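Trainee: Provided herewith is a single structure, encoded as structure tokens, for subsequent inquiry.
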Amino acid sequence: MSATSTIDPAEVAKFEAMAAEWWNPHGKFKPLHQMNPCRLDYITEQIAAEFDRDLSAPLPFQGLRLLDIGCGGGLLSEPMARLGADVVGADAAPRNIPVARLHAEQSGLTIDYRNTTAEDLAAAGERFDVVLNMEVVEHVADPLAYLTACRELLKPGGLMVCSTLNRNPKSFAMAIVGAEWIMRWLPKGTHDWSKFITPDELYDLIRKAGLDPVDRKGMVFNPVSWSWSLSDRDLSVNYVTASVRPR
């Protein structure tokens, strides 16, 4: 029996319609491809710090079980597998899973991709050292229930990395007007600005879910270099957080 779900069917349908585009760096997921190096820098730094891993080692994350929730086509799952993690990629959109499986197979990677939800994984007793929760929380129907399921998925002392979009006039101008309406990097309607979450709101939700926030940084786009970088101060549009489940 399926656990109570926070999945928003309309949000899932948006990403199902774009499933074949995941590994096209010039397609509908171009913004994620551009952002990915910045996301990976933050994720790897946080995992290395939390679990005392040497990133110069051949497989620094060997022995860590990692869940990439809302994995899409595997843009984060694959780099984590290359670093040695035992990766489960989960997505509520059924069409994303065969795309992710095929690309992993072509890349010579072993990744356990599943069409499932955080709630169902938690109900099944699955537990992980790391949960990646990237650009998902703004698409769910009940953020607190969803984050609570993510906490249940973590082993004591486990790490959750969560990224999302701030809610303010600047984020509307850049993420909605700029990215969807003008530049057409994403189809119109990909994001619902009213579902964006401020950093303080997210910290409050994370604490209510039973996790301890330990870090947050902005992810800032430079339109001149067309690259992303981490910022300690600018969380005005995209930002990322790290939280741990108490031991």
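Note that Cβ sites are derived from N, Cα and C of the backbone, with glycine treated the same way.
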Trainee: Where Swiss-Prot shows Gly70, Asp91, Met134 binding S-adenosyl-L-methionine, which of Arg39, Arg167, Arg207, Arg216 is named for the same site?
Mentor: Arg39
Trainee: Rank the binding-site residues Arg39, Gly70, Asp91, Met134 by the number of other Cβ atoms within 10 Å of each Cβ and report the first-ranked residue.
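Mentor: That would be Asp91, with the most Cβ atoms nearby.
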Trainee: Looking only at DSSP and grouping its letters into three states, which state does Arg39 (S-adenosyl-L-methionine binding site) belong to?
Mentor: helix
Trainee: How big is the S-adenosyl-L-methionine site in terms of the longest C-alpha to C-alpha distance among Arg39, Gly70, Asp91, Met134, in angstrom?
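Mentor: Pairwise Cα check on Arg39, Gly70, Asp91, Met134 gives a maximum of 19 Å.
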